[in-house]
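Asker: Structure incoming, see below.
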Amino acid sequence: MTSVRCKLAQYLEDLEDVDLKKFKMHLEDYPPEKGCIPVPRGQMEKADHLDLATLMIDFNGEEKAWAMAVWIFAAINRRDLWEKAKKDQPEWNDTCTSHSSMVCQEDSLEEEWMGLLGYLSRISICKKKKDYCKMYRRHVRSRFYSIKDRNARLGESVDLNSRYTQLQLVKEHPSKQEREHELLTIGRTKMRDSPMSSLKLELLFEPEDGHSEPVHTVVFQGAAGIGKTILARKIMLDWALGKLFKDKFDYLFFIHCREVSLRTPRSLADLIVSCWPDPNPPVCKILRKPSRILFLMDGFDELQGAFDEHIGEVCTDWQKAVRGDILLSSLIRKKLLPKASLLITTRPVALEKLQHLLDHPRHVEILGFSEAKRKEYFFKYFSNELQAREAFRLIQENEVLFTMCFIPLVCWIVCTGLKQQMETGKSLAQTSKTTTAVYVFFLSSLLQSRGGIEEHLFSDYLQGLCSLAADGIWNQKILFEECDLRKHGLQKTDVSAFLRMNVFQKEVDCERFYSFSHMTFQEFFAAMYYLLEEEAEGETVRKGPGGCSDLLNRDVKVLLENYGKFEKGYLIFVVRFLFGLVNQERTSYLEKKLSCKISQQVRLELLKWIEVKAKAKKLQWQPSQLELFYCLYEMQEEDFVQSAMDHFPKIEINLSTRMDHVVSSFCIKNCHRVKTLSLGFFHNSPKEEEEERRGGRPLDQVQCVFPDTHVACSSRLVNCCLTSSFCRGLFSSLSTNRSLTELDLSDNTLGDPGMRVLCEALQHPGCNIQRLWLGRCGLSHQCCFDISSVLSSSQKLVELDLSDNALGDFGIRLLCVGLKHLLCNLQKLWLVSCCLTSACCQDLALVLSSNHSLTRLYIGENALGDSGVQVLCEKMKDPQCNLQKLGLVNSGLTSICCSALTSVLKTNQNFTHLYLRSNALGDTGLRLLCEGLLHPDCKLQMLELDNCSLTSHSCWNLSTILTHNHSLRKLNLGNNDLGDLCVVTLCEVLKQQGCLLQSLQLGEMYLNRETKRALEALQEEKPELTIVFEISW
């Protein structure tokens, strides 16, 4: 009997060379879903018919090898061999025999053959589709594999994967920001919390939860230079590499909005053709499943102007050619291919307009680089690890610039400048602090490569470039035609020179249109336009384009008058750059480098403008004080800033970012005439609770005006997210502003390092801080030595709140060293909830007997216990003790400590306020206190006994106290189960003429209607008595 291998070889021998090659090709690509193993090409290349049969059986066994051959005969259209092999199929087992006999009937063979041809046809179509996708992915991979640096020479490029550094992304609803160019406000506090809300790229289009609708539109928002375009290109590359959206989208099309916004009509099919590797893409087949397509639109804000004119026009036909902005508008509004997905990048300026076009979009904010990613970027940029380490160390030392490097564009500029310095062998000097300084340095490095351009010609080119930039800013224009260049004295050949310098680049796909390589460069040169002058017949004038009279009429005064009026703030960065450029050292540097004349008149105009704005009332179109501070900070010239800050009678700003802290610190330390200073978190609201009602906390916000000087002396920075690294510059203002006497830093994570910086400032002779609040500042015992040094060296500090900091007993021991010092003049001290135990009470007791200035001590919410209070009471009986108010709220006390407190009430006539809320004293404890309260030397005015486990058994003692104690004015008894009879009895006592109580707080009690009526009757009969009660039924 002939073996299966020989039979199979005989069939293969009937194949001619062409068919045998086809057979091998199908054998290599055999569908895996059929359960057989494809034979590798390398083992089939030189195999003859016998070798091939052997390989098929070795890989899959006889039965599967035969089935593979039968299927491939059909695939290569050899029906004769297919029918013969079907009829000649060996008997494998009973099941197969039965099956074989059934399918070998002539009718069955015919039906099976036709069905198999249909299946193979469908397989062919799918394979063609896969071939299209595979070819397009290869094209996208090739197109987006590399990027060009802005300063790259011809032919130079950088591998995108090796340079790309991960950006932080968070889901966020769009905010109604009025300013487009607030680059520095992107690094805000939530950036530190972003791991909790960060979004992974692969989840961009996933629903929020299992019940939500899928997401079809995603909007990436971020300021200029934050990395929107590079992220969009990375998404394209990762998709092409099969790393992203592999099973979600068959096609991703990258659209440059500024290119599509041109007036040339085009259809959606034309857009796809422009993305395809050859001129004949299968558009119909691509658009057959729009849900498998993602359009990635980069730079929506760059076509905003065009949208204004044609927002109502719609295109629904993918073959119809329309204006580019109408085409994109139709895609965005889901009028064209409504089932397709969109990913749009934009600056915040265009968010409001974009929002009206979208239906349920997901907004994702790009926050830039985290601190760790900044370091990663440096090490990726510099191929030499030693250079990377040196550059990163330098930037880290300049904290302001390191902060700015969260913006990828700034990071690139800084790295470029440092690398050029390294390559020339120059030592790395202290890097500049501001955006202007970074751009000036970058421009100077570009000028080194200006080639053979003559000096006077270059000056003309630069002037034309600056006027072009300014004209574009005023008209909100970023794409320029050749006629625009000619209007500003520039020729096509001139632009080539700038292309070599990478300041002004020619568009690759739009040959007749030109743009600045980045919007911020256009803003920088627009600011320079207002500074460049030339000598004309003995007079210095500002030079401008001959055909642009409108721009000549828009001088610095007009620029500043319009600053703040533009709804979207297009002039903000231009004015900031203007301030930065008039720095005298920078002006001299530019005049030398550019061989040009810089206007000095602009400095006077800017100072006059600041003076007017500093005194102006708050109006919607007025720039905020913080924005003015940003302008002054950009200048980095302290004499000018001091002159400007003299015009601010009142400073009231909200801080929300790190740069806000840095900028405000720089300006405030140069401010010597301010009368009111108020700094706060944007969402901060004042806490208006009484000090006594708090039973141990000062106000979180204080606005105190001394009547003799009429100068506000309060500064509050509550919940400003200050950290220790931002404190040094801010605290330096404490030594220069002598009118500042109150400082509230509550709810800021200063930590011990920040506290150390603050203590250095507090010990400065020029510092006049008297009241300092540091609640919830993340302090530990390690800072207590520094605080103790302040207490022992400064007699000005009279009030200190350290509540809600884990100082511990050891921290209090260190603190008490300063409190016992002869120079310590502290009067009020809050140590509420500081992780204290009875072990600290001995140290505090020694303070009470030696410090004669301390009159208020609040140490509640600590586990002091009865033993701790007993130790304190021993020293409070000392005649030298001047303590007036003691807060022991929720301190784990029982009736055991009440005898010691009674002794204090009997002996210390200075003692007037005692807070015992939330301690289980019980009726026994009150009975013991009653003895002290009835003593003739007792001068207590305020007694707080809320939630102290009192019952109706305390009624007689309470009545006795109210009747015989003539000093007590306020009594709190809330949240005690006194009962109706006791309360009614107290009402009768309070009606007596000898009772001098002014305030009775009963809080929440279970009282009946009769008791309520008794309280109301008492209130009417004795209006000078305030009764606060809340009845629970």
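Using N, Cα and C of the backbone, Cβ positions are placed for all residues, glycine too.
Sharing the feature lines straight out of Swiss-Prot:
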- Cys6-Cys104: disulfide bond (DISULFID)
- 136-206: domain 'FISNA' (DOMAIN)
- Lys320: ubiquitin cross-link (CROSSLNK)
- Lys426: ubiquitin cross-link (CROSSLNK)
- 601-605: motif 'KFERQ-like motif 2' (MOTIF)
- Lys687: ubiquitin cross-link (CROSSLNK)
- 739-759: repeat 'LRR 1' (REPEAT)
- 768-789: repeat 'LRR 2' (REPEAT)
- Lys875: ubiquitin cross-link (CROSSLNK)
- 939-960: repeat 'LRR 8' (REPEAT)
- Lys970: ubiquitin cross-link (CROSSLNK)
- 988-992: motif 'KFERQ-like motif 4' (MOTIF)
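Any idea what these are sitting next to in the structure?
Answerer: For Cys6 (disulfide bond), the same-chain residues 6+ apart in sequence whose C-beta sits under 8 angstroms from its C-beta are Ala53.
Sequence-distant contacts of Lys320 (ubiquitin cross-link), defined as residues of its own chain at least six apart whose C-beta falls under 8 angstroms from its C-beta, comprise Ser267.
Here the motif 'KFERQ-like motif 2' (601-605) has, by DSSP, the following mix of helix, strand and coil residues: 5 helix, 0 strand, 0 coil.
Under 8 Å from some Cβ of the repeat 'LRR 2' (768-789) lie the Cβ atoms of residues 697-698, 700, 702, 734, 738-752, 754-756, 759, 762, 796-808, 810-812, 814-819, 830, all in the same chain and six or more residues away from its ends.
Listed in sequence order, Ala845, Leu846, Leu848, Ser849, Cys881 are the same-chain residues six or more apart from Lys875 (ubiquitin cross-link) with CB atoms under 8 A from its CB.
For the repeat 'LRR 8' (939-960), the predicted model reports an average pLDDT of 94.
In the three-state DSSP assignment, the secondary structure recorded for Lys970 (ubiquitin cross-link) is strand.
Counting only same-chain residues 6+ beyond the ends of the motif 'KFERQ-like motif 4' (988-992), those with a CB under 8 A from a CB of the stretch are 959, 962-963, 1000, 1018, 1021-1022, 1025.
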Asker: Starting from the Cβ of Lys970 (ubiquitin cross-link), draw a 10 Å sphere and report how many other Cβ atoms land inside it.
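Answerer: Excluding its own Cβ, Lys970 (ubiquitin cross-link) sees 17 Cβ atoms within 10 Å.
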Asker: For Lys320 (ubiquitin cross-link), just give me the three-state DSSP call.
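Answerer: Lys320 (ubiquitin cross-link) sits in coil per DSSP, no helix or strand.
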Asker: Taking DSSP states H, G and I as helix and E and B as strand, how many residues of the repeat 'LRR 1' (739-759) are helix, strand and coil?
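Answerer: DSSP classes over the repeat 'LRR 1' (739-759) add up to 9 helix, 4 strand, 8 coil.
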Asker: Give me the DSSP three-state residue breakdown of the repeat 'LRR 2' (768-789), ordered helix, strand, coil.
Answerer: 9 helix, 4 strand, 9 coil
